[in-house]
Amino acid sequence: MAPTSKADKKAGDVAAWMFNVVTSVGIIIVNKALMATYGFSFATTLTGLHFATTTLMTLVLRWLGYIQPSHLPVSELLKFMVFANFSIVGMNVSLMWNSVGFYQIAKLSMIPVSCLLEVVLDKIRYSRDTKLSIGIVLLGVGVCTVTDVSVNAKGFIAAFIAVWSTSLQQYYVHFLQRKYSLGSFSLLGHTAPAQAGSLLLLGPFLDYWLTNKRVDAYDYNFGSLMFIILSCTIAVGTNLSQFICIGRFTAVSFQVLGHMKTILVLIMGFFFFGKEGLNLHVVLGMIIAVVGMIWYGNASSKPGGKERWSHSLPTSRQQKHGGFPETTEHDGKV
């Protein structure tokens with residue numbers, strides 16, 4: 001039975017990852033078309049609509065009985081909402097205030113920040129091969145995406161906030177699922193309504209500040225509405241698959257393997273929009289990044305690739321009743 005169970009887990013990991021890749025790449029393409037073709041530049045409000053649609057999905061699933069009642073303290077929900085909303089706002093502002101090159105460097109820096117969080121908070125230790133493979137991924141994606149790099153003070157602050165809030169938000173997804181024994185659907189059922197409400201309330205004002213345009217004055221038409229609906233529909237899968245992947249893996253693995261989506265977006269961009277950006281150093285960067293991802297997958301799954309040397313995550317009720325052992329343990333997540 002053990003080999004079958006291991007095979008089933010591996011198949012589930014692959015399915016979860018492919019689900020995230022397909023929905024993430026899909027929503028990027030749809031949003032690019034929505035903004036470029038129809039001029040809908042209200043990114044924060046659109047994200048609020050995404051979470052509103054996700055909230056509707058969780059309500060339907062709860063009504064059908066697929067989501068069981070669960071508990072998440074308000075204090076934990078508020079902390080998560082702060083991290084998540086600062087992540088969304090920070091990334092949007094960072095993109096506006098920084099060059100594309102520095103924006104990409106900031107995104108790449110989320111991997112070492114996520115590693116630091118795991119080392120400090122979860123007492124994770126990485127093997128030499130795991131560290132080197134992460135470095136190879138960073139090098140490859142950097143070669144692919146980083147071009148012009150210019151830095152200014154307010155752009156640096158925005159990028160700093162975006163990097164740390166995004167890393168904390170992704171770490172917290174994994175933390176909350178483990179601490180409160182919450183499934184991906186259950187955690188989304190707690191967090192999506194809070195994010196939808198806050199982003200729909202603040203989004204129009206933030207978007208006006210960023211674009212000097214009002215979302216209520218936008219010239220909506222059939223085409224733009226169809227793309228907004230399509231974006232919101234795909235976003236349900238994107239939000240859910242992110243929680244599933246971080247729950248099954250870790251925030252670091254999600255970041256490392258997540259750069260496969262960056263490469264796929266580049267390839268599809270060349271395919272759909274022309275090959276003028278496709279040159280030798282971009283292709284070389286893609287190859288380096290893919291090699292690094294394969295190496296990371298192998299290195300981190302080996303004994304000693306990623307180890308937790310002491311139990312660091314207190315649980316609520318489960319720990320009091322012996323739900324999690326207090327002994328040193330391997331981190332079985334890839």
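Cβ atoms are placed via backbone N, Cα and C, with glycine included.
Just so you know, TrEMBL annotations never went through curation; they're auto-generated.
Non-local neighbours of the transmembrane segment (14-34) in the same chain are 40, 43, 46, 224, 227-228, 230-231, 234-235, 237-238, 241-242, 244-245, 248, 257-258, 260-261, 264-265, 268, 272; each lies 6+ residues outside the stretch with a CB under 8 Å from one of its CB atoms. The transmembrane segment annotation in TrEMBL covers 14-34 (among others).
Annotation source TrEMBL lists domain 'Sugar phosphate transporter' at 22-296.
The annotation transmembrane segment is assigned in TrEMBL to 40-65 (among others). Listed as Cβ neighbours of the transmembrane segment (40-65) (distance under 8 Å, sequence separation of 6 or more from its ends, same chain) are residues 31, 34, 88-89, 92, 185, 188-189, 192-193, 195-196, 198-200, 202-204, 206-207, 210-211, 213, 215, 218, 224, 227-228, 231-233, 235-236, 238-240.
Tertiary proximity for the transmembrane segment (77-95) is limited to same-chain residues at least six positions away from its ends with a CB under 8 Å from its CB atoms, namely 43-44, 47, 103, 106, 155, 158-159, 161-163, 165-166, 168-169, 172-173, 176, 190-191, 194-195, 198-199, 202, 206, 210. Positions annotated as transmembrane segment by TrEMBL: 77-95 (among others).
Taken from TrEMBL, the feature transmembrane segment covers 132-149 (among others). Nonlocal intrachain contacts for the transmembrane segment (132-149), taken as residues 6+ away from its ends with a CB within less than 8 angstroms of a stretch CB, comprise 99-102, 104-105, 108, 111-112, 115, 126, 252, 256, 259, 262-263, 266, 281-282, 284-293, 295-296, 299-300.
Taken from TrEMBL, the feature transmembrane segment covers 155-173 (among others). Residues of the same chain lying 6 or more positions beyond the ends of the transmembrane segment (155-173) and with a Cβ under 8 Å from any Cβ of it are 79-80, 82-84, 86-87, 90-91, 93-94, 97-98, 102-103, 106-107, 109-110, 113-114, 117-118, 121, 187, 242-243, 246-247, 251, 254-255.
Under the heading transmembrane segment, TrEMBL lists 185-210 (among others).
Counting same-chain residues at least six beyond the ends of the transmembrane segment (222-240), those with a Cβ under 8 angstroms from any Cβ of the stretch are 19-20, 22-24, 26-27, 30-31, 33-34, 37-38, 40, 46, 49-54, 57, 184-185, 188, 192. Annotated transmembrane segment per TrEMBL: 222-240 (among others), in sequence order.
Sequence annotations record features per position, and here TrEMBL assigns transmembrane segment to 252-272 (among others).
For 278-298 (among others), the entry in TrEMBL reads transmembrane segment. For the transmembrane segment (278-298), the residues of the chain that approach it from at least six positions outside its boundaries are 129-130, 132-145, 253, 256-257, 259-260, 262-263, 266-267, 270, 334, judged by C-beta separation under 8 angstroms.
Summarising the annotation, TrEMBL assigns region 'Disordered' to 306-334.
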Pop the mean pLDDT for the domain 'Sugar phosphate transporter' (22-296) in here, whole number is fine. 87
